[in-house]
Amino acid sequence: MSPVPRVPWQAKYLALVLIWGSSFLLMKVGLESLSAVQIAALRLVTGAATILTLLWMRGGSLPRERWVWGHLVVTGLLLGTIPFTLFALSETRVSSALAGIGNATTPIATVLATMAFLPGARATRSKVVAVVVGFVGVVTIMQPWTSARPDLVGFGMALAGGVCYGIGWTYNRRFLARADLGGLSQPAATLLMGCLLMLPVALVWGAFQPGGVSSVWAYDRARLGTSAIEAGSDGGGWAWLPLLCILALGIVGTGAAYILQFDVVRGAGPVVGSTITYLIPIVSVLLGVLVLGENLGVWEVVGFVIVLTAAAVINAPARRVATPAPEVEAAAPRA
């Protein structure tokens, strides 16, 4: 019997770009009947359940050292609870395409966080210039000189979500690199901690809603009837499409995507793996325009190209020198 052929890393790379790029579309559809907090919570719960199930099936285990869990509280917040909530909130005010563009700032934030938190780390001149160019791109997207600018609060939340990823992965590299967290142990623990930290956030949010804490798990039927929902409604007032989109976001886009991420990094190296970061918003923009009929203004497109160029320079491999100082690396991509 012939052995099962291994899937090449290139195929996993492409799948990862499509999965994470579509996450912004899924959130936008989910917002038709679910709140941003509900989306973040469901994404964390289903993602954590998926990873933990795979970890158990592979015979793995969660970290046991207390100091590791202390740092996982921080990474759970920065890589799960906060950015998942921010991206969902941002899409209540801006398009999914624009929210995806905000995610492209992750490499820029990573360079700054690495220089601030990693002793001895340095950024090459080209990366410093790329950071400045990236900020120019962000300002171009925000268009402070015109009244046609996008909602600054919404786009600001998307930017903050990307910054969280950059800081979170830098923190992870600084404090958890020496921990023996092979396989799925660390992503499972990170998502589990993010899930636990999301609970008080959801309860506090629910306490300020008209329906009280019970609104945390309430499904908003009053917002049914939009075109995105009608295709997924059973005709009796229950819309399945938004819920299915968020379940897919958690199971595939958050849980299974971790497996692909690790496989790509193992097969092609971290430099190639990090290039996914600036391909994600390309997919999110295309899906937003083609599927949801969203539009981007001229300045938003120009700023998008500038940010992508800066991210590409930041992710470019550095030249080797005789005794180099630790090089600034881009964060692992997330969405």
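Cβ coordinates are placed from backbone N, Cα and C, and glycine is handled just like the others.
The annotation domain 'EamA' is assigned in TrEMBL to 14-142 (among others).
Summarised as a single figure, the pLDDT of the domain 'EamA' (154-315) averages 79. According to TrEMBL, the feature domain 'EamA' maps to 154-315 (among others).
Positions annotated as transmembrane segment by TrEMBL: 12-31 (among others). Within the chain carrying the transmembrane segment (12-31), a Cβ under 8 angstroms from the stretch's Cβ atoms is held by residues 39, 87-88, 91-92, 95-97, 99-100, 103, 228, 241-243, 245-246, 248-249, 252-253, 256-257, 260-261, 263-264, 267-268, 272-273, 276, 279-284, 286-288, 291-292, 333-335, all 6 or more beyond its ends.
The transmembrane segment annotation in TrEMBL covers 37-56 (among others). Within the same chain, residues 27, 30-31, 62, 80-81, 84-85, 88, 183-185, 187-188, 191-192, 194-195, 198-199, 201-202, 205-206, 216-217, 246-247, 249-251, 253-256, 258-259 sit at least 6 positions outside the transmembrane segment (37-56) and bring their C-beta atoms closer than 8 Å to a C-beta of that stretch.
Here TrEMBL flags 68-89 (among others) as transmembrane segment.
The transmembrane segment annotation in TrEMBL covers 101-121 (among others).
The transmembrane segment feature in TrEMBL is assigned to 128-146 (among others).
Summarising the annotation, TrEMBL assigns transmembrane segment to 152-171 (among others).
Taken from TrEMBL, the feature transmembrane segment covers 191-208 (among others).
Positions annotated as transmembrane segment by TrEMBL: 238-259 (among others).
According to TrEMBL, the transmembrane segment annotation covers 271-292 (among others).
Annotated transmembrane segment per TrEMBL: 298-316 (among others), in sequence order. Sequence-distant contacts of the transmembrane segment (298-316) (same chain, six or more residues past either end, CB-CB distance under 8 Å): 98, 101, 104-108, 110-111, 126-127, 129-131, 133-134, 136-143, 146, 150, 271, 274-275, 277-278, 281-282, 285, 330.
Residue counts for the domain 'EamA' (14-142) under DSSP (helix as H, G, I; strand as E, B; rest coil) come to 101 helix, 1 strand, 27 coil. Sequence-distant residue pairs (6 or more apart) of the transmembrane segment (152-171) and the transmembrane segment (68-89) include at least 3 whose Cβ atoms are under 8 Å, placing the two stretches in contact. Residues 35, 37-38, 40-41, 44-45, 47-48, 51-52, 62, 69, 72-73, 75-77, 79-81, 84-85, 214-216, 254-255, 258 of the same chain lie 6+ residues outside the transmembrane segment (191-208) yet bring a C-beta within less than 8 angstroms of a C-beta in it. Tertiary neighbourhood of the transmembrane segment (128-146): same-chain residues 98, 101, 105, 107-108, 111-112, 152, 155, 159, 297, 299-300, 302-307, 309-311, 313-314, selected by CB-CB distance under 8 Å and a gap of 6+ residues from either end.
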